[in-house]
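Marked as signal peptide by Swiss-Prot: 1-26. As annotated by Swiss-Prot, disulfide bond applies to Cys34-Cys81, with the evidence given as similarity to another entry. The N-linked glycosylation site annotation in Swiss-Prot covers Asn74 and is backed by sequence analysis. Look at Swiss-Prot and you will find Lys97 tagged as ubiquitin cross-link, backed by similarity to another entry.
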Amino acid sequence: MSWGLQILPCLSLILLLWNQVPGLEGQEFRSGSCQVTGVVLPELWEAFWTVKNTVQTQDDITSIRLLKPQVLRNVSGAESCYLAHSLLKFYLNTVFKNYHSKIAKFKVLRSFSTLANNFIVIMSQLQPSKDNSMLPISESAHQRFLLFRRAFKQLDTEVALVKAFGEVDILLTWMQKFYHL
C-alpha cells in the first residue's frame, strides 16, 4: 500500500474529529434528498487556491475546458446528486490519486489533504437514490459525466491531470451556487 493511501484514513479521522469541535462546524447544503454537512467552505477554497497557485503554472493549454458548460448547465436538483457524486469520485480516484506525488514535491501536502478530505466527506454523504423511477435522471447525469471524462481522456495523462485540478474551482463554484452555500 502506498504512503498516500495509508495517510488518507488518518487524515479523514482528523477531519471528522476537527469538525466536531464547537464553533468549527461546517456548512450544510442540500438539494432534494441530497444533503451534506461538515464542509468548511472558506477553508476548502483556501486549500484549493494554495495548491492551484502552485500547480496552475503547468497548465499550458488554456483553450480546452474539461468541465464544459454543457456538463454543469441546467442540472436538476435530483440530477445534481448523481453528477456531483460521479465527479467527486472521479477527482478522488483519478486526479487526486495520481497527483499526490507532484503535490509532495511542491510542499503543499496539507492543503491538498484538506481538499481531498473534504471531497471524501462530501462524496460519502451524497447518496444518489437507487430507486428505478430515478433511472432517467441518473442516466442524464451519467451522460453529463461522460462528456467530462471523454474530454479528460482525449488529453495526455499529465496534461489532463493538471487541467482537471485547475478546474476544481469550476466544480466548487457550481456546487456552491447550486446548493446555495
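The backbone N, Cα and C atoms fix where each Cβ goes, and this holds for glycine too.
It should be emphasised that the depicted structure is a prediction, and the values quoted were computed from it without experimental measurement.
Annotation: Cys81 carries the greatest number of neighbouring Cβ atoms among the disulfide-bonded residues Cys34, Cys81 [cut-off 10 Å, Cβ to Cβ].
The candidate set comprises the recorded positions Asn74, Lys97. Of these, Lys97 has the most other Cβ atoms within 10 Å.
Across the structure, Cys81 (disulfide bond) and Asn74 (N-linked glycosylation site) place their CA atoms 13 angstrom apart. The two recorded residues Cys34 (disulfide bond) and the residue listed as 'N-linked glycosylation site' have their Cα atoms spaced 17 Å from each other.
Cys34 (disulfide bond) falls within a strand when secondary structure is assigned with DSSP.
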